[in-house]
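Everything on this sheet refers to the single structure shown next.
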Amino acid sequence: MMRLRGSAMLRELLLRPPAAVGGVLRRTQPLGTLCRRPRGGSRPAAGLVAAARLHPWWGGGGRAKGPGSGGLSSSPSEILQELGKGGTPPQQQQQQQQQPGASPPAAPGPKDSPGETDAFGNSEGKEMVAAGDNKVKQGLLPSLEDLLFYTIAEGQEKIPVHKFITALKSTGLRTSDPRLKECMDMLRLTLQTTSDGVMLDKDLFKKCVQSNIVLLTQAFRRKFVIPDFMSFTSHIDELYESAKKQSGGKVADYIPQLAKFSPDLWGVSVCTVDGQRHSIGDTKVPFCLQSCVKPLKYAIAVNDLGTEYVHRYVGKEPSGLRFNKLFLNEDDKPHNPMVNAGAIVVTSLIKQGVNNAEKFDYVMQFLNKMAGNEYVGFSNATFQSERESGDRNFAIGYYLKEKKCFPEGTDMVGILDFYFQLCSIEVTCESASVMAATLANGGFCPITGERVLSPEAVRNTLSLMHSCGMYDFSGQFAFHVGLPAKSGVAGGILLVVPNVMGMMCWSPPLDKMGNSVKGIHFCHDLVSLCNFHNYDNLRHFAKKLDPRREGGDQRVKSVINLLFAAYTGDVSALRRFALSAMDMEQRDYDSRTALHVAAAEGHVEVVKFLLEACKVNPFPKDRWNNTPMDEALHFGHHDVFKILQEYQVQYTPQGDSDDGKENQTVHKNLDGLL
């Protein structure tokens, strides 16, 4: 693959419009030539605004919904509060860098040495860099910052800061995202130093976003894993409200501190692998991880010691027994790391040979990295309470010691103390959702980009969560929900949708299996609505949403494929579309159907197939009130005209009720084909 050199080359490649499916509608004119700015004026050319707003490169996702739809107040003080008070302003950073004795920054070297070539042995990459630089300087090719400005400004010369922040939030990013620190610092500085503090012109806007332009461009192009994040969060909110009505269950009371939580607490937080965030309910209330820490410490152990070493001491099979049973497998090992016996043994493997204080600090630092440095705390009251009421766990510990399940030289009582400490680590729904997203993202924290866990550790952890993570309910959960998850007696459910997102659902009332009643209901409803189940077919799924797809793009591709097949006379392609239950009467932006196109081109076989096999309506009118018969007559295709004329006599219109319209399409297509 050719090496890309310099930002100008990246801009050149990104700004090239994509070719349509099958080679149709391929644009030969670069986007930049359509977007030139008129001389002698400060307002952007209409072409540039239209291109920035409508061009498929942006995906239509840059429009802000305005301050009235969840946006911010336009007052500078409230905007400053929204942007946060953390971080070092750019001016202070410069002063710190210019302290006496500090070495000056190295001068940038040349981009390419003369005569340097790419992987194919030519200098195409260097020429593209030069061409891109020249086009940007001449104004022929708008920069990414320009396109982003015009996308949000929608024809205005200045952007209100609150409008930019509202548009940013609609993509799922937060102003507190560490990846946007430079942008937020510059916005804070701009609001403090400019007279027109709540408005950004193009130059100020470019200055603010240029440090994070790649992430912002990706967000506004709707290139995140969930493109239409606002629609997805509305579904999450509906599922939350539905689960909130569940009133069963009982708050765990065998650990006194847990019994103090209100049964009405209920929160859900989502974090995708791209760092899109959404929270609803009591998501900032700290609670203890309890058993939800078991997969996390297992992942740490495998990351540090490897799979083979860890599983010398613990098995991989579901036990089929209660999580706190005194029972081992036929090899005298705990069945898996998700039951108490297995978790105690895994605890003994972490940082062997050091004292408990250092071990605890090590695990806390690890969990902080997984949570993207969001809240991870410790409840000493819960720790003391659990230690005082931990007779069953002490019994398990002595049984494990008798069976020589620990590494040689292990202090069993000290390990149980460490075990109780880890169960008493506190999180919120928001920080735990980032931990789950780190597992979903292959071990990379989505909001810091830091590698935390090895792929091996993540894979093994998710496998065990899938088979053993929900106590005695694990088999049913794997059957109905089909996703890796781990529950805890504090009421949390750590849910992972691999390669998509992580979630934390928290509600203290538990069912008889020890799982959160509201959390289980939410997970069931989520998989019923979206095709997240591990065995949902992504190509031929039933009536389920796929948040990973962008609905508009799929409809556009469907229409293009259908009309292009009719244009080229490809009956075999049309047969495939009909068998896949595609609507053979769908229209383009001119209200033209496949029958219009086939009649205009004179494709007799296509017309016969659409009429006889698919039983499409022969009377559709386009925006000029032309029917397929008018098209055939206009272009002199008399054989097609005759077929349409004969079919119109025997055609019987069918009802268009919404209920069963899709089934009607399927049966109509199948009956005709058979």
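Glycine too: its Cβ is placed from the backbone N, Cα and C atoms.
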Swiss-Prot annotation, substrate site containing Ser291, Glu386, Asn393, Tyr419, Tyr471, Val489 - matching residue among Asn336, Asn340, Asn534: Asn340
Range annotated as region 'Highly mobile activation loop' - as stated in Swiss-Prot, picked from 128-135, 320-327, 472-479: 320-327
Entry from the modified residues list Lys169, Lys316 having the most other CB atoms no farther than 10 A: Lys169
DSSP helix/strand/coil residue counts for the repeat 'ANK 1' (590-619): 18 helix, 0 strand, 12 coil
Inter-residue C-alpha distance, Lys316 (N6-acetyllysine) and Lys169 (N6-succinyllysine) (nearest angstrom): 42
PLDDT averaged over every residue in the region 'Highly mobile activation loop' (320-327): 67
